[in-house]
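Report on the structure given below.
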Amino acid sequence: MKKIRPLTEADVTAESAFFMQRRQVLKALGISAAALSLPSTAQADLFSWFKGNDRPKAPAGKPLEFSQPAAWRSDLALTPEDKVTGYNNFYEFGLDKADPAANAGSLKTEPWTLKISGEVAKPFTLDYDDLTHRFPLEERIYRMRCVEAWSMVVPWIGFPLYKLLAQAQPTSHAKYVAFETLYAPDDMPGQKDRFIGGGLKYPYVEGLRLDEAMHPLTLMTVGVYGKALPPQNGAPIRLIVPWKYGFKGIKSIVSIKLTRERPPTTWNLSAPNEYGFYANVNPHVDHPRWSQATERFIGSGGILDVQRQPTLLFNGYANEVASLYRGLNLRENF
């Protein structure tokens, strides 16, 4: 894998700068192109980090048993655990990046049922214990790229989705895989209150082509940093597709259904001109409101310590996945 250059310490801004208007401050930091086009909630998150506001501490999950295959090791600089668990998009618990860690404690993950159905010869159901014991777990260090033009490097723990699908035995009619998040308005306040949940239609749904789902990089994820996923990161099981934007990584999954037709996906339903079905990371295809050519890597420091870096096609996984899209116009099929 290509190396990401190490982050460097940035000079501390004078105290007087904190009294500038938010947009002036963000422009002074050189992040106007993307950040000033983001929703006000995302801008507020950036400004909170700029001021050094503390992020909530996530409860520790139980330790998991897993292997560390050499193929998935990396010398990329990891994003610190407190950033991975404290800076999240999970609108079911609020719009601010700190809201999931603050509010997701209400999510009940035991018992849990994950149903695999649709165009399969052998539909089946997994319970909570199956999620961490039915398939061997392995740690994979992946880049994670948000559509909002920020990125992390995360040591996820899980198993390849293809192993689960192989047990279900897809029929010849299966062309897509549809995913659905838990619908529990009493536990997920954003599902009950449109103001809290960003006006999205719930439950959250996502989808992949079958060949994307069967790719070895596609991971059903149950842990991070050696422990079970905390609720704010999508406990007890979520999807990670490292060459796609983060909103494809549906969280707290209760249903996987193989289908003949392309399934609807939440953000595409909400704003089809901004969020496509494929959502492949592509520096040459901008979001209508900001550039995707560069990204902010979230490392050990606050926003003053972050430097922009070039966005990599397919998030740096082009050698592994570009063949999936041979002949497909990536600008039209964004």
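Using the three backbone atoms N, Cα and C, a Cβ is placed for every residue, glycine included.
Residues or ranges marked as signal peptide in Swiss-Prot (evidence: sequence analysis): 1-44. Summarising the annotation, Swiss-Prot assigns Mo-molybdopterin binding site to ASN88, TYR91, GLU92, CYS146, THR181, ASN233, ARG238, GLY249, ILE250, LYS251 and lists sequence analysis as the type of evidence.
Packing around ASN88 (Mo-molybdopterin binding site) is summarised by its Cβ count: 26 other Cβ atoms lie within 10 angstroms of its Cβ, all protein chains included. Counting only same-chain residues at least 6 apart in sequence, those with a Cβ under 8 Å from the Cβ of ARG238 (Mo-molybdopterin binding site) are MET220, THR221, LEU229, GLY249, ILE250, LYS251, SER252, ILE253. GLU92 (Mo-molybdopterin binding site) falls within a helical segment according to DSSP. Our reading of the Mo-molybdopterin binding annotation (ASN88, TYR91, GLU92, CYS146, THR181, ASN233, ARG238, GLY249, ILE250, LYS251) yields a largest Cα to Cα distance of 19 angstrom. In the shown protein chains, 23 other C-beta atoms lie within 10 A of the C-beta of THR181 (Mo-molybdopterin binding site). Sequence-distant neighbours of GLU92 (Mo-molybdopterin binding site) (same chain, six or more apart, CB under 8 Å from its CB) are THR181, MET188, PRO189, GLY190, GLN191, GLY197, TYR202, TYR204, SER252, listed in sequence order.
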